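Participant: Below are the structure tokens for one structure; questions will follow.
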């Protein structure tokens, strides 16, 4: 029970990081707040406290409270008998400093044997930094050194010192480049790098959390923070080498000091190193890539045959493969086609553009398959070099099953440019030219403005005026009907329209008028109707009522200047009305005669002369109807 209480005391002193490590070691869920994690850890301790879990708790506790090394004076204090003072005179016991009370003394003599101090981290671990393509290492100023946590404080601090030899100093000074209007820069630089303290493989740059660096007492600028991926996440900096040449003392006699502050993380140590490097450009790397040579084209042909080989298990067989000769980065024709050895595709990208892109922002990712394509794995494709040299007028090729290729030239389709449609006389003239009118027919046409003194907007080309005498036939009226026109006293009226010029037949025949089918089909019973006769004319504005009695017409006759007959719009309906009235109504009384104007045929058929009908009205003159 005493041992269980001690373990419980250790668990309750853990932070969130220790609780998560303990629960992860035991295979439990390690997500949640601190009180939830603590409850899970205590439940683990009570339910199944295996020896491995107990050892893990003790290990975490030793790391949480590292044992302080005691000096001779501290050991003499602990070896004094109880009740005695350090000077040996009797008196009250002097309190022992809390820092001298190690975890072993707090747990008792039984557990002191089990408590061992953590193994110290090596000062210079066997850490190897991953080489950078744009930097050539000239020398190592500080070997990879461990940034180990030395106390239980949240923030750690470490001090480092390095010095430059006269030869190194001379290399830096001779590489100085001063550009007009810009600050001086050095091609050979003093470079500071951070990484994880791991010896399994070459390490990439990795910044500790909350990193601050001072070089010779001056704060060193670091890369800016990246935008957080989620709310509440701790901002991080992009890990990359730091150029500390502007802050270094360029002297062979005065050393340089570096002070590093960072936040410690449980179970994770970091390493620091300083190098003397020479910065390279994209052009230099391209020359080095060319110096490596061009890959044999047979390798690419073998890859093509492998891709186009028919798979017996697949129902779809690929017989050809299209590849573009345009770079996916710059959308331009390839100059130096290259790809990584780890890429499984044939599509290449331009080496110069790829190196320039990574010089600005080193990602080293293939633009085709988005996989890692480091500089060391880049190769120049010899087959694509042959294709680019032999085919300069195409941007796409097609590979066959045997490894051969053929250019894919774009099909040039003759596209007829349709001019915008013209309106009015311009459109008519343009259509006449397009239809190939003979030169002798292209005479100057007399232009007549149809909008002058015209009241009709629906007619494009008005026909010539013709005088059409209209007659009407009397039909019997209904008994007691009122409002019919009488046949004996119906006065004649003239439909008046403004004077308009007429168009010659030669002009109408020369115009290329097209036949347009009707948008809506008309029935057989209304195809003979003259729809223009239903338009409103002056007689409808100023004349009396269409159907009225003889007495009322005589009474109101002096108020109207013009009197017109309604035959121009009731004519088409007269045959139908007449037949119905004859069959259903008797003859009208002799004292009162009603009639409806009804021509024998449609107005369109009667343009040439009088229409045949029944007896005409007495004292009625022919009406002049204009078809405008």
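Glycine residues also receive a Cβ, built from the backbone N, Cα and C atoms like all the rest.
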Participant: Taking 439-449, 450-460, 461-471 as the choices, which stretch does Swiss-Prot tie to region 'SUMO1-binding'?
Facilitator: 450-460
Participant: Choose the correct range: of 14-18, 19-23, 24-28, 29-33, which one does Swiss-Prot annotate as motif 'LXXLL motif'? Give that range.
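Facilitator: Of 14-18, 19-23, 24-28, 29-33, Swiss-Prot gives motif 'LXXLL motif' for 19-23.
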Participant: Consider the recorded sites 56, 230, 307 and say which one has the Cα lying nearest the Cα of residue 369 (Zn(2+) binding site).
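Facilitator: Going through 56, 230, 307 one by one, the closest to residue 369 (Zn(2+) binding site) is 307.
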Participant: Determine how many residues of the motif 'LXXLL motif' (19-23) DSSP places in helix, in strand and in coil.
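Facilitator: Output for the motif 'LXXLL motif' (19-23) reads 5 helix, 0 strand, 0 coil.
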Participant: Given a Cβ distance threshold of under 8 angstroms, which distant residues of the chain, six or more beyond its ends, lie next to the domain 'SAP' (11-45)?
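Facilitator: Here the qualifying positions are 4, 53, 56-57, 60-61, 63-65, 265-267.
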Participant: For Zn(2+), what surrounds 343, 345, 366, 369 with a Cβ no more than 8 Å from their Cβ centroid?
Facilitator: 339, 340, 342, 344, 347, 368, 370, 371, 373
Participant: Note down the number of other Cβ atoms within 10 Å of the Cβ of residue 366 (Zn(2+) binding site), including every protein chain shown.
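Facilitator: The Cβ of residue 366 (Zn(2+) binding site) has 21 Cβ neighbours within 10 Å.
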Participant: Using DSSP reduced to three states, classify residue 366 (Zn(2+) binding site) as helix, strand or coil.
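Facilitator: It is coil.
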Participant: Do you know the mean pLDDT across the region 'SUMO1-binding' (450-460)?
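Facilitator: Computed over the region 'SUMO1-binding' (450-460), the mean pLDDT is 56 on the 0 to 100 scale.
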